[in-house]
Amino acid sequence: MGDRYGESTRSSCNVGYIVNYKATLAFKGDENEERGNWGSKADFILSCLGYAVGLGNVWRFPYLAYENGGGAFLIPYFIMLALAGLPLFFLEVSFGQYCSEGPIKAWRALPMMRGVAFGMMGVSATISVAYNIVITYCIRYLVASFTTKLPWTDCDNDWNSKYCSLKFGDCKDAGLVFLENGTCVQPHTLTQDEMVIYGVEEISPGNYSLEGLVDPLEQQRVRPSEEYWTLEVRKEASSIGETGGIVWQLALCLLAAWAIVFFCLIKGIKSSGKVVYVTATFPYIVLVILLILGLTLPGHQEGIKFFVSPKIEKLSDPQVWLDAAVQIFYSLSAAWGGLITLASYNRFRNNCYFDSMFIAIANCCTSIFAGFVIFSIVGFMAHELNQPIENVVDQGYGLAFIAYPEAVARLPAPPVWSILFFLMLLTLGLDSEFAIVETVVTGLVDEFPDTLRPRKTWVLLGICVVGYFIGLLCVTEAGPYWADLLDLYGATFNLLLFAWFECVGLSWFYGIKRFQNDIRSMIGDGPVNFPVFYWWMLNWSAITPAVLTFVLVFNWANWSDPEHNGPFPPWARAIGWLITLATLIWIPLVWLYEFLRTPGSVYQRWRAMATPRPDWGPAVEQFRVEAWYVHLRNGTTMGGDLPPSAESRGHQTQDNFDNIEPREEYDHENYGKEKAFVNPSYTGE
């Protein structure tokens, strides 16, 4: 309720209620003493922003925008933000904040949907391993940047092959001829036939012209930054079946990555909430610096023009709308369980409405801003190489670890810019990894609070150790294949299904009106009664599920198995599908479990599956009482029951709620009947 009631109204309450009402606001420290709360609102905002703003904002969105119509791509992008991104973000943040529980325990609201939470946990656990491999690469490049000469700038290293693109030019500059076998020789050692083949002209005896020199490997040339990436950093094998040995440099960097995660989460949100002040803000500082740098470089205008020039005709392609929806969905990190987890540590009265809008919109604006930064540098690189921009631009790993490192090598003081860039990628990755790992830890601890909550640090340590040893498979010579297998099959259309079940479950089964009043009990009547709020209810119950259905159907209709350097072999694809199935199988298993565990007829079993548990509702007793009456005043029930102490206090303060706002009449004699109505399976025990 907070300050939304006027002073004159509060003064009309009797003394007993005033004492009780003030008690709800007079917390010393955390409201939720068992789980704790964020130290401040900024901790939550920055943690969510760091979770949502990840590596994809920098290396995926700019490429998608240029591929799908440039500036015209913003039209479907913002439409999908309004129809799917914002509603899902607001739904998950509200859901987690209301119950103050992790993803699994939160579904006491609708027991039949607990399988969705198990699936989210499975996805987060899988992706925590794959995502930390990317962080490992960032650490590897960051360490390599502390030098006077970046190691990917030439072709004179042990790892370079004869295909390295600078070798031909180096030979020619030295007055030598580059042969197909990779050696450089003096022109006079060539036969007449070889001179013709390689374009060498003998002007006079002992005097040769190399103007028409031919590069025999021109079509197979590879940039030195790409060879550094594949042959030195990852030492990539030719197939997933050629495991080879562990790349020890990456194994050490992986150990450092998991150690950082452990020590930053060792005190849960109390430690990670402070670390994000650096990890969530530093990328913005670097992006601003890089944009200023980019705008001073020749060719930046062409790069930015290439990024934003609208191609309206692209909007008729359904694939463009699919890409916009998928980018919004994955960029906001919806349906992973992380938003529910982070919001569960909020104070009950936190304005989750404002937070959701601010974070989601800031995330999307960051993607657009990063596009200007990246393409200003890409334009400079195209200018330097005298090539079309489309030949220079890349996405994903190619942009972060090949194209951009090559670009910074052409800048003044390249190690400085390389350090800044990879520090930015590192911090972008870490705060997302913090939230992913915290989701798994919180889900387990909240499910077994008596056993695991006192040992939360050990649970975190166990997850980090297991994650490290699984990750060792991803830093072998076949590691890049395994990392992509975990990533591409671990987080795929299963997340879209989880989001669909969330929307349908909370709006159709739990009840859209009840969910509205859950939010009302946290943020007050004003925002919820405002007509715009009905837009969110319409989205949750109809529009967002429809959009997700479109994306799913289109995704399945155009499905192609993920690849890495060509198709995965059948046995690897089978493992990939098992990873996906392991996250989806929980949904029908939980349905079956909930149906079989409940006695009674088919209808009674279904009713129990679709009815909140007695312990559902706000975790803190004071707020539980207030939420109970907020629901009663507005024609719904909270769903869960009040504990005995709260029941007694609730009866004592009933008349005080009459003084605050008009409400429906409440019959004390039928209190037990109301409980039975809220929970048909309630036995009075």
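Note that Cβ sites are derived from N, Cα and C of the backbone, with glycine treated the same way.
The transmembrane segment annotation in TrEMBL covers 44-62 (among others).
Close to V53 (Na(+) binding site) in the fold, though at least 6 residues off in sequence, lie A280, P283, A362, N363, T366, L428, S432, each with a CB less than 8 Å from its CB. The Na(+) binding site annotation in TrEMBL covers G50, A52, V53, N57, S331, N363, L428, D431, S432.
Here TrEMBL flags 74-95 (among others) as transmembrane segment.
Residues or ranges marked as transmembrane segment by TrEMBL: 116-143 (among others). Long-range contacts of the transmembrane segment (116-143) within its own chain (CB-CB distance under 8 A, at least 6 residues past either end) are made by residues 55, 103-104, 106-107, 233-234, 249-250, 253-254, 256-258, 261, 335-338, 397, 401, 405, 418-419, 422-423, 425-426, 429-430, 432-433, 436-437, 439-440, 443-444, 463, 467, 470-471, 474-475, 479, 483-484, 486-487, 490-491, 494-495, 498, 501-502, 505, 579, 582-584, 586-587, 590.
Residues or ranges marked as disulfide bond by TrEMBL: C155-C164. Counting only same-chain residues at least 6 apart in sequence, those with a Cβ under 8 Å from the Cβ of C155 (disulfide bond) are C164, S165, L166, K167, D170, P224, E227.
The list of residues near the transmembrane segment (246-266) in space but at least 6 beyond its ends in sequence, with Cβ under 8 angstroms from a Cβ of it, reads 132-133, 135-137, 139-140, 143, 233-235, 272, 275, 430, 433-434, 437-438, 441, 457, 460-461, 464-465, 467-468, 471-472, 474-477, 479. Taken from TrEMBL, the feature transmembrane segment covers 246-266 (among others).
Per TrEMBL, transmembrane segment is recorded for 275-297 (among others).
Annotated transmembrane segment per TrEMBL: 324-345 (among others), in sequence order.
Sequence-distant contacts of the transmembrane segment (357-382) (same chain, six or more residues past either end, CB-CB distance under 8 Å): 45, 48-49, 52-53, 57-59, 61-62, 65-66, 74, 77-78, 81, 85-86, 89-90, 284, 287, 290-291, 293-295, 297-304, 306-308, 327-328, 331-332, 388-389, 391-393, 399, 403-404, 406-408, 410. For 357-382 (among others), the entry in TrEMBL reads transmembrane segment.
Look at TrEMBL and you will find 416-437 (among others) tagged as transmembrane segment. Counting residues 6+ beyond its ends, the transmembrane segment (416-437) has Cβ neighbours under 8 Å at 46-48, 50-51, 53-55, 57-58, 124, 127-128, 131-132, 134-135, 138-139, 141-142, 145-146, 150, 257, 260-261, 264-265, 272, 275-276, 278-280, 282-283, 286-287, 289-290, 293, 333, 336, 338, 341-342, 400, 404-405, 408-409, 460, 463-464, 467 in the same chain.
Marked as transmembrane segment by TrEMBL: 458-482 (among others). Through the fold, the transmembrane segment (458-482) approaches residues 125, 128-130, 132-133, 136, 234-237, 239-247, 250-251, 254-255, 258-259, 261-262, 265-266, 437, 440-441, 444-445, 452, 564-565, 568, 572 of its own chain, all at least 6 residues removed from its boundaries and within a Cβ separation under 8 Å.
Residues annotated as transmembrane segment in TrEMBL: 488-511 (among others).
For the transmembrane segment (532-554), the list of distant contacts is 80, 83-84, 87-88, 90-91, 318, 322, 325-326, 329, 493, 496-497, 499-500, 503-504, 506-508, 512, 515-516: same-chain residues at least six beyond its ends, Cβ to Cβ under 8 Å. The transmembrane segment feature in TrEMBL is assigned to 532-554 (among others).
Under the heading transmembrane segment, TrEMBL lists 574-596 (among others).
For 640-685, the entry in TrEMBL reads region 'Disordered'.
Residues or ranges marked as compositional bias 'Basic and acidic residues' by TrEMBL: 660-676.
Neighbours of S432 (Na(+) binding site), defined as other CB atoms within 10 A of its CB across all chains, total 27.
Only residues 6 or more beyond the boundaries of the transmembrane segment (74-95), in the same chain, are considered here, and those with a CB under 8 A from a CB of the stretch are 48, 65, 68, 106, 109, 315, 320-321, 324-325, 327-329, 331-332, 334-335, 339-340, 342-343, 352-353, 355-357, 359-361, 364, 368, 499, 502-503, 506, 515, 518-519, 522, 536, 539-540, 543-544, 547-548. Residues 87-88, 91-92, 95, 109-110, 112-113, 116, 119-120, 123, 126-127, 130, 329-330, 334-336, 537, 540-541, 544-545, 548-549, 551-552, 555-556, 562, 575-577, 579-580, 583-584, 587, 610, 612, 636, 639 of the same chain, all 6+ positions outside the transmembrane segment (488-511), place their C-beta atoms under 8 angstroms from a C-beta of that stretch.
Fewest Cβ neighbours within 10 Å among the recorded positions C164, L428: that distinction goes to C164. Taking the Cβ of S331 (Na(+) binding site) as centre and 10 Å as the limit, one finds 23 other Cβ atoms among all the protein chains shown. Excluding G50, A52, V53, N57, S331, N363, L428, D431, S432, which define the Na(+) site, the same chain contributes L49, Y51, G54, G56, A280, S333, T366 within 8 Å (Cβ to the Cβ centroid), listed in sequence order. Its own atom aside, the Cβ of G50 (Na(+) binding site) has 29 Cβ atoms within 10 angstroms in the protein chains shown.
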